[in-house]
Amino acid sequence: MSAHPSPARGTAAQPAGSSGRILVLNGPNLGRLGTREPQVYGATTHAELVQLCVETGRELGVEVEVRQTDHEGEMLAWLHEAADHGLPVVLNAAAWTHYSIAVRDACAQLTAPLIELHISNTHRREEFRKHSYISEKATGVILGLGVRGYALAIRWLAEQATPGPAQRP
């Protein structure tokens, strides 16, 4: 897998956010899922994670675009894109969570919901992983539920875009 894989998309039938898309953004080393520390991150590959996210979106009638990068500047550009277009984001910033003020500041510019996600429970790991610069800017945080956490985040974001009984005309 290249450092800059092509985004994967599901089909859109019902909007999520203002454009009908949800961005799933994965940070450094997540392209190595399935081979990197499977005892911590599981055996699911990044390609399988992409498939899970896109299929979840398809079931819900929303477009899900999954991206992964090992380059902080590229992540910042994607977060700026989400801010400019009012896109909801599922963000696994990986190691950047614990030290990147630049990623935190880009998250602060988002106007749509942001779900911070970590495959492992960072509170049960090394001390340095217990602090997040992202959490204070996130709408919600999902930790330690493995890759299933992505499907939960996508479902929640899709529900936010669907008017409830009190919101319907």
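Glycine is no exception: its Cβ is also placed from the backbone N, Cα and C atoms.
Those TrEMBL annotations? Automatic predictions, nothing curated.
Record features (TrEMBL):
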type	residues	note
ACT_SITE	TYR41	active site, proton acceptor
ACT_SITE	HIS118	active site, proton donor
BINDING	ASN92, HIS98, ASP105, ILE119, SER120, ARG129	substrate binding site
REGION	1-22	region 'Disordered'
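Under 8 Å, Cβ to Cβ, and six or more positions away along its own chain, the residue listed as 'active site, proton acceptor' finds LEU33, ILE119, SER120. Counting in whole angstrom, HIS98 (substrate binding site) lies 12 from the residue listed as 'active site, proton donor' by their C-alpha atoms. Listed recorded positions: HIS98, HIS118; maximum Cβ neighbour count within 10 Å falls on HIS118. A straight line from the CA of HIS118 (active site, proton donor) to the CA of ASP105 (substrate binding site) spans 19 Å. Neighbour list (ASN92 (substrate binding site), Cβ cut-off 8 Å, at least 6 residues apart, same chain): LEU25, ASN26, GLY27, LEU30, GLU116, LEU117, HIS118, ILE119. Cβ-based neighbour count (10 Å, all protein chains) for SER120 (substrate binding site) stands at 17.
Packing around ILE119 (substrate binding site) is summarised by its Cβ count: 24 other Cβ atoms lie within 10 angstroms of its Cβ, all protein chains included.
In this structure, ILE119 (substrate binding site) belongs to neither helix nor strand by DSSP; it is coil. For ASP105 (substrate binding site), other Cβ atoms within 10 Å of its Cβ number 13.
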